[in-house]
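Following: one structure in structure tokens, then a few remarks.
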Amino acid sequence: MSQPPWRCFSLLIFVLTIFSTKPSSASTSCSSSFHCPPFNSSPPYPFSASPGCGHPNFQIQCSSSRATITIKNLTFSILHYSSISSSLTLSPITNTNRNTNNCSSLRFSSSPNRFIDLTGSPFRVSDSSCSRLSLLRPCSPFTLPNCSRCPWDCKLLKNPGRILHGCESTHGSLSEQGCQGDLLGFLQDFFTRFGFEVEWDESQDPYFIKCRDCQIKNGVCGFNSTHPNQDFICFHKSRSELVTQRDNNKRVNHIAVLSLIFALTCLLLVFSVAVAIFRSRRASFLSSINEEDPAALFLRHHRSAALLPPVFTFEELESATNKFDPKRKIGDGGFGSVYLGQLSDGQLLAVKFLHHHHGATAAATEHCKAFSMKSFCNEILILSSINHPNLVKLHGYCSDPRGLLLVHDYVTNGTLADHLHGRGPKMTWRVRLDIALQTALAMEYLHFDIVPPVVHRDITSSNIFVEKDMKIKVGDFGLSRLLVFSETTVNSATSSDYVCTGPQGTPGYLDPDYHRSFRLTEKSDVYSYGVVLMELITGMKAVDQRREKRDMALADLVVSKIQMGLLDQVIDPLLALDGDDVAAVSDGFGVAAVAELAFRCVATDKDDRPDAKEIVQELRRIRSHTRVADDDVAKN
């Protein structure tokens, strides 16, 4: 009779345990393995449950269910850890014994009894968590029972975003009724079930910098837990330990051979059981591929399913684009190709297929996949929460192992770049001025009407889509970023409000100050918009290698001509050939006024640049004077 499989594996573990040695030094103590959910194995650096190990601000306590971490005297349960994005999903552990008799009607006992402020710690609340809170509809406290006895709960009901320091609600008005149950239920789920995401920046923390050097030297990272400064310590193994380790490695090799023989014997005895387990696991894996899709899990974690756009299957979009027929390709960029798709109901839509990055190394491929996934999810989260006539609308998405796809409005008349630099018909000055104003209105909406504000980061003539009636829509939000500031600066509109992030964008449009300082603000979009204005004036490309080196960037060329009083040398000659545009070219409120505005937009010091509201006001003033001038020319 064969031995039960559990006895074979128990005996194997017993043999390995006999020959194993117990580490005794501080370094081996810090590197010892132990189980600590939700980490798949031992918590990696910077986390540690041992005093003096890891990072002093990332000390955790392990339990059988979930690890906990204390940040600024608040204890949180760790629901999820992502090594790719350096983020944690936390749920606050509240005092279940606190007195809630006076607030029983509010049913708010499982939420924090004060706002969560991470200022002064390495952590910051992620953009996506702030975005989820900002969509909540506030309640009026005057319609709630016991509001005078529960001032904190009432403050939250007036502004739910207050519970996370730095997040605010996008809804300014208070609802008189019908919101309490929805709001409290959402907050209960937000903290107890889903949690909120926090991030940290390893590049700015000296502990991480020193730890990388320590690990290169085969050291173990820790700190002096007995000193107030908690100085970094790199634990190095002594010579005797290294010799012992080499001996142990030899012994482990022998043990491995014996163990392998023993394990094979057990596997032969329980072969039928192993086959059954394999078939069961394979069937379970195949049935759960779609359920475990990382993009779908990420989106459901950061946004309610009711707020997300519809989901298409890969087969639906493959059929709509005739298997991604090259003849249906209507655009191609750095992040993906765009195809014309026709759904079963006859609706025409644009299907954006993100690139696969074939032919790259394994490491580069994984990096590109992570970046594409982040860009994909980022565009879905932002576009699903905005609504403006001059911004493209997201109709749905598809996350499939075969590809990531986004379904947008199909704009039939190409891009602004097509009209200015190639395939499109000639554009009059009045049309160009209207396009400039519509683009500015879209930028104003992103910067001032959304909380937290959105920086597009890629406003270019290729991302401005033109409809048949010459109305425009700004698209491609893959690089967009939410600006989440602290409570002291959230109501400010100065350029000192910024987030630190790696420069991304299109050459020729990228803000040089952002490129140098890594500080992203709304004024970075203003710079890109200024380059688009220069394209409208000159008809030239933002970057043209056929021009002289000093004039290769359009911004440099136009700025130098304006400073020398030679603007007329770079004005699009097609404007001067059109009789209707003569007044605009010669009048001070026409092309010259827009050129002056573009000059201000690309100012070296971002404090000298106008904001989106100022740009809209100035363009409206210019347009009104231009129309008066056109009418005078028509009368004569």
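Keep in mind that glycine also has a Cβ here, set from the backbone N, Cα and C atoms.
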Original post:
Which of the listed positions, Asn40, Asn224, does Swiss-Prot note as N-linked glycosylation site?
Top reply: Asn224
Subject >> Residue among the recorded positions Asp332, Asp458 whose Cβ has the most other Cβ atoms within 10 Å >> reply: Asp458
Original post:
Out of Asn73, Asn224, Asp458, the recorded positions in the record, which is closest to Asp332 (ATP binding site) when you go by Cα distance?
Top reply: Asp458
Subject >> Length of the line joining the Cα atoms of Val338 (ATP binding site) and Asn224 (N-linked glycosylation site), in Å >> reply: 55
Subject >> Distance [Cα-Cα, Å, rounded] between Ile330 (ATP binding site) and Asn224 (N-linked glycosylation site) >> reply: 60
Original post:
Do you know offhand how many angstrom separate Gly336 (ATP binding site) and Asp458 (active site, proton acceptor) by C-alpha?
Top reply: 15
Subject >> Cα distance (Å, whole number) from Asn73 (N-linked glycosylation site) to Asp458 (active site, proton acceptor) >> reply: 41
